[in-house]
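These come from Swiss-Prot:
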- 166-173, 191-195, 213-216, 283-286, 314-316: GTP binding site (BINDING)
- Ser173, Thr193: Mg(2+) binding site (BINDING)
- 129-145: compositional bias 'Polar residues' (COMPBIAS)
- 1-159: domain 'Obg' (DOMAIN)
- 160-333: domain 'OBG-type G' (DOMAIN)
- 127-147: region 'Disordered' (REGION)
Amino acid sequence: MKFVDEASILVVAGDGGNGCVSFRREKYIPKGGPDGGDGGDGGDVWMEADENLNTLIDYRFEKSFRAERGQNGASRDCTGKRGKDVTIKVPVGTRVIDQGTGETMGDMTKHGQRLLVAKGGWHGLGNTRFKSSVNRTPRQKTNGTPGDKRELLLELMLLADVGMLGMPNAGKSTFIRAVSAAKPKVADYPFTTLVPSLGVVRMDNEKSFVVADIPGLIEGAAEGAGLGIRFLKHLERCRVLLHLIDIDPIDGTDPVENARIIISELEKYSQDLAAKPRWLVFNKIDLLDKVEAEEKAKAIAEALGWEDKYYLISAASGLGVKDLCWDVMTFIIENPVVQAEEAKQPEKVEFMWDDYHRQQLEEIAEEDDEDWDDDWDEDDEEGVEFIYKR
């Protein structure tokens with residue numbers, strides 16, 4: 001299946017149903033009073049994370065999602081039916097962004113997690129709500145409010161513990177093939193890897209971690225050159241980055257300059273990503289003898305001002321790979337993920353009462369109080385009946 005990690009969609013919640021103006025009319029009951037019911041609330045639009053999905057390709061073709069409108073109120077104080085909700089299923093790891101405001105609405109990081117992205121409109125009030133001692137036959141009602149409408153950007157970010165960084169042909173895909181069951185394409189030309197891939201590294205029956213391989217970075221990636229900048233977002237949730245350096249590039253480029261390009265592109269893309277723990281890993285040491293490889297790695301590390309530990313491996317032969325993986329496993333165990341507190345979603349209710357409707361009633365009541373003297377008429381049957389009962 002084609003890997004798609006971005007999609008734009010339109011979500012429209014249902015409008016609230018309108019209130020009804022109706023009066024009870026039955027035999028032997030000439031003045032039954034108002035019996036117009038309220039409308040129903042509009043349906044909501046929800047996002048739900050599904051671990052069985054791994055791409056957003058479906059939303060390249062289906063771009064619009066609309067919830068059902070609430071039904072209008074009816075006579076006999078019948079409340080309109082609530083509009084049906086719409087649920088949009090997305091892969092785990094999807095970030096939802098409101099394109100209108102640029103706000104991140106939420107990150108779908110767990111299977112079954114739900115996020116409200118468009119709230120349905122509130123119901124309108126029927127004329128029964130406006131009955132009072134001074135207004136026995138109200139003809140007022142309110143209409144339902146419109147539902148939310150948003151254009152959303154969906155960004156799929158792979159959930160991995162370890163991210164791979166490096167220039168094209170640094171050996172990232174060879175490394176992930178060596179340590180996991182993932183089989184990304186490997187060849188001796190740049191940009192063999194065109195889409196991100198994940199591999200699970202199992203150290204024993206109880207310990208494992210997930211590593212992500214993305215297309216290599218080149219100079220100018222932050223301005224759109226190459227492929228890697230598009231996929232850097234997949235590294236934002238990684239706990240540690242493995243920076244692979246080809247210790248003896250076949251094209252004759254300088255390993256120090258190559259490493260500086262990667263660091264520079266990280267800083268241009270995101271300071272948060274650049275600040276993540278990054279380990280230096282020298283690959284393809286099997287192409288040199290042991291002493292020469294150690295001397296060259298030391299010289300490169302000193303030129304970069306690197307004072308931390310670095311690793312020498314050969315992904316092709318497996319030399320040094322196991323020790324590196326165990327150190328990664330230890331780091332992950334000692335640095336567990338801090339789960340961000342999820343925003344509490346509003347509870348779903350069948351009937352909504354709120355400040356909006358209270359305000360509507362208060363405004364109508366104020367109008368009735370102000371105009372009551374002017375509206376009173378000696379021929380008004382209601383007025384006569386009211387005085388008679390007193």
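Backbone N, Cα and C define each Cβ position, glycine as well.
Sequence features, as recorded in Swiss-Prot, placed on the structure.
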residue : record              : CB count, 10 Å
Gly166  : GTP binding site    : 25
Asn169  : GTP binding site    : 22
Lys172  : GTP binding site    : 30
Ser173  : Mg(2+) binding site : 24
Pro215  : GTP binding site    : 23
Lys284  : GTP binding site    : 24
Ser314  : GTP binding site    : 22
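Residue counts of the region 'Disordered' (127-147) by helix, strand and coil are 4 helix, 2 strand, 15 coil (DSSP-based). Lys172 (GTP binding site) falls within a helix when secondary structure is assigned with DSSP.
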